[in-house]
Amino acid sequence: MSSGLWSQEKVTSPYWEERIFYLLLQECSVTDKQTQKLLKVPKGSIGQYIQDRSVGHSRIPSAKGKKNQIGLKILEQPHAVLFVDEKDVVEINEKFTELLLAITNCEERFSLFKNRNRLSKGLQIDVGCPVKVQLRSGEEKFPGVVRFRGPLLAERTVSGIFFGVELLEEGRGQGFTDGVYQGKQLFQCDEDCGVFVALDKLELIEDDDTALESDYAGPGDTMQVELPPLEINSRVSLKVGETIESGTVIFCDVLPGKESLGYFVGVDMDNPIGNWDGRFDGVQLCSFACVESTILLHINDIIPALSESVTQERRPPKLAFMSRGVGDKGSSSHNKPKATGSTSDPGNRNRSELFYTLNGSSVDSQPQSKSKNTWYIDEVAEDPAKSLTEISTDFDRSSPPLQPPPVNSLTTENRFHSLPFSLTKMPNTNGSIGHSPLSLSAQSVMEELNTAPVQESPPLAMPPGNSHGLEVGSLAEVKENPPFYGVIRWIGQPPGLNEVLAGLELEDECAGCTDGTFRGTRYFTCALKKALFVKLKSCRPDSRFASLQPVSNQIERCNSLAFGGYLSEVVEENTPPKMEKEGLEIMIGKKKGIQGHYNSCYLDSTLFCLFAFSSVLDTVLLRPKEKNDVEYYSETQELLRTEIVNPLRIYGYVCATKIMKLRKILEKVEAASGFTSEEKDPEEFLNILFHHILRVEPLLKIRSAGQKVQDCYFYQIFMEKNEKVGVPTIQQLLEWSFINSNLKFAEAPSCLIIQMPRFGKDFKLFKKIFPSLELNITDLLEDTPRQCRICGGLAMYECRECYDDPDISAGKIKQFCKTCNTQVHLHPKRLNHKYNPVSLPKDLPDWDWRHGCIPCQNMELFAVLCIETSHYVAFVKYGKDDSAWLFFDSMADRDGGQNGFNIPQVTPCPEVGEYLKMSLEDLHSLDSRRIQGCARRLLCDAYMCMYQSPTMSLYK
C-alpha cells in the first residue's frame, strides 16, 4: 500500500477537517516530504478525513488507470497528512473511533474492530455496569463495576475512551489506583482497588451471565452479524494475506442447510485466485465460464467497493464496517463455512485451509514457488529500495508462506512491562514456515557471522544522537509486519562500519541471532539466539506504549496504567522467612526482591536486608496500637506487614507501588521531606520509620563512662584511620570505636546495625572491610561476667591503655583477674596505666566463674547493605553455610528508557563464602579488580552490617 503525499507540517490552513474517521486496512508505506525517507503507518491506525481547501475536496486527482485517494490526518500522529486509496480504508463512526483509539496496539485494535458484535457491546458499557476485567492474560478475570467512562487525556480532536473500574471480591487489592489518574480524581475507590483499561480488557456481565467474546474472536464468533445482501455484479474487495484483492459479485445468498450462518458471497476475482465451481454440497448455486478465479466467502469477509455515483460525491464513501481479512488470525477449529476452491463443504474448511485456497493452491498441494511479495526486511525510514538486508538483485526471494505468519498475542502483563516480542517467520525453501536462517542482525549489516573468534574487549559503545530519544534500556521496535520488539542493550559503531548500530535483546530465541556478539566481538551478554543488531536509525520507540504518556510527576506514575503489570500480592497471614533451599527457590531470579523506582534504592535495600531472611524485627509488625501512637501507625504497620514483608517472604517480590505508599507516609512526618523523590540515607529512613511513626523500642542502649544510657537504632563507627591496618574486621572496628569512646552496651541487643566508618557516601576509610560472620560482644557489655585475657578466670579489671600493647593479645580488649592485673602492671612500661574495675552483677557468686564457665554473647551477621556511586544494594544470608549468600539490586535491569520500569533481581553469590575464608593478609594483597562476581561489592562497598542475636530475636 502506498500513499501519494506525506507532510510533517502542521495541518491547519491547507485543509478542512471533518469529523469522519477511517481505519487503515493494511500497513501503509509513505514518504517523508522533507527527508524523502520511507515511513510506515501500521494497519489499524485511525485517521480523520480532511478536505483540500484549494480544490474543495480531499482527493488527489487520479492518474490514468488509478483510483481516487482520500486525505487523512492520522490521529496517533496529529501533524501528519496521508493520502490513501479508497479501497485501503474503511469508515468507522465516531463512537467506535473513541473505543478503538484507547487500544494503543494497532494489531489488537484491528482484531477488535473486526469483531463487530464485541465492539457494539462496548457502546453499552457505562458507569454502573457490572463487568469482568482481564488484568493479566491466562489468569482469572476479576469482577468489578464501571465507575468512570471517558478520555484520560483530552488532547486530540477525538480521544480514546477508557473505563475506570472498581474491582470487587477477589479482585480487591489487585488494582493500581484509587481512582486518581495523573493527579485528577476520576472516580473513588479504596487504594489498589481500581484500574483504568480499554475495551479489549473488559467483558460486560449480562443478565444471562454471558460475557463478551475473547480478545481474538474465532471465525464463528462474528458470524451472527446480520449484513444486507450484496447486489450481483457489484464490485467488492477482500484481504488476501497482506494485500487487498478486488472482484465482482456473482452470487449472494444463504447456503442450503446453512441458513443460520447468514449470507455467503461468490466473487469472480480480477486476479487468478481460488477455484470455486459454483457448487455447494452437490447443489449448483450459480454458473459461470471460468472457475480459475472464483471464490466463496462469508459476507463478513467482503468489503463492498465504491459505486461510481458515490465516488463523484464530495464525501468519501462509507465502506462496509466489517473487514475480516482472510489471512488474519482466528480459530481454526470452527466448522463454519468460509471459502472454498473446490466442491468440498466449506463448513468443514478452516481458516488455514481458506488461506491456501485463496492463494491458488489446494489444501494438500505444495505451495507456490514464486510470488510477487517481498520477503525481506526493508529499512525503516529509508527508501524502500535500500533495505536493511542490502540484498543483491539475485537474492532468492522465496514465496511467502501460504499460512499467515503467527503473531504472538500480548498478555496483559506483558503489555505493561515485559518483552512481548513477535518474530517474523520466513519461508523455507519448501514453503513451510520457519525462522529466518539469518536473523535481522546478520542480514542487515554483515556478510557472515562466523568470520572471527569472539573478542572479550569490544569497541567502546558510543552515545550517538538520536531524534527518537532512544538509549540503552529503551524499549524499541523495528517496524515490520509483524514488528520486531526488543530492549536496547548496546549502541555504538563497530569497526569497519559507517552505521551506528543498536543491539537489541529479544525474549524468544530466533535462528541466526547471537548471545550478544557481532562479527566475533561481544557487545553485551544475553541468552543464545536472542541478540539482534540493527541500524539505530531503523529503530523506533515501542509504539505499543504510545498512550502511556510521560508522567512528569514520578510519584503519581506508580498509580498510572503503566505499573499495572508490576503488581504484587497482599498477604494477611503472618509469614516467617523461608530459609535454606526453600527460601532460595522463592527469592532468586529477575523480578524478585523489591522493585526500585525514582531514587528508592536506599529504602528497597534496607527493607530487604531487615526482613527477607530475618525475623529479628518482626515484633515491629505486630505491636498493637497504643493511645500515644500517631494516627497513621496502623496504616503503616499494616502496609509493612501485609503488602511488603509477607509478600516478599512468600512470593519473593514487592512492586514499587507498595514502596511508594510507604514513602508517602514517611513524608507526613514534620521532620521529614523528600522521601518520595530524593535520594536519602538508610539511617534517615530508619530513624523516621522506627522513631517517629512506629515508636519502636530503641534497639541499642549504650552508656558512656559515668553518663546516662543513650538510646539509638544503629551505631555509627567513628575513628581515625590506622595506616598499620590493611583489612580490618567488623569485630576490630566495633571494639576500637567502643574503647576510644569509652562506651559499653547497657544491655545485650537483639539486633545490632553497624554503620561503617566513612566520610559521606563516597569516601571510605578502608578499601576493604572484612564482615565478621560472628560478632562477640561479651567484652562490650556492662554488668556481664568476662574472661581474664591471660588465665581465663573471672575478670575484675579492664585497662584501656593496654589495648594497643602488642605483647598481650594484640588487638583485643584487655581485662584481667585480680592476680593477672597485678602482674601485668608490674612491667615498667605499664606502671602508669590507669585501669578500672569491671562492672559485674551484684549477686554473682565468685566461685561459679573460676573454671572457664563464662558464656559468650555472640551475634550472627544476617545482612550487609552496600553503596557504590550513590546506589544501594544488599547482601543477605539465607542459610547457615558460609556460601549461603544472595545479592539483591532493586534496579538491576531496565524495561524501557526514561519512562520505563526498573526490574529488581536477586542472584546467588556463593563466591562470597570463599573470600570470607581467606586470611586478612591475603585479602589485603588481593587486587580489588580481581575479586570475582558480587563479592567485590561486599568487601569494598559495605555501608551497614546487620547482626542478630540467635537467642534474643523473639524479645525485641
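Cβ atoms here come from the backbone N, Cα and C positions, even for glycine.
DSSP assigns Cys601 (active site, nucleophile) to a helical segment in the three-state reduction. The active site, nucleophile feature in Swiss-Prot is assigned to Cys601.
Swiss-Prot lists His871 with the feature active site, proton acceptor. In this structure, His871 (active site, proton acceptor) is part of a beta strand by DSSP. Sequence-distant neighbours of His871 (active site, proton acceptor) (same chain, 6+ apart, CB under 8 A from its CB) are Cys601, Met891.
The compositional bias 'Polar residues' feature in Swiss-Prot is assigned to 330-349.
Averaged over the domain 'CAP-Gly 1' (153-198), the predicted model has a pLDDT of 83. As annotated by Swiss-Prot, domain 'CAP-Gly 1' applies to 153-198.
Feature annotation from Swiss-Prot assigns phosphoserine to Ser387 (among others); the stated evidence is a large-scale study or a structure entry.
The annotation phosphoserine is assigned in Swiss-Prot to Ser418 (among others).
Marked as phosphoserine by Swiss-Prot: Ser422 (among others).
Taken from Swiss-Prot, the feature region 'Interaction with TRAF2' covers 394-469.
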Notebook entry, point to check: With every protein chain in view, how many other Cβ atoms are within 10 Å of the Cβ of Cys601 (active site, nucleophile)?
Noted result: 25
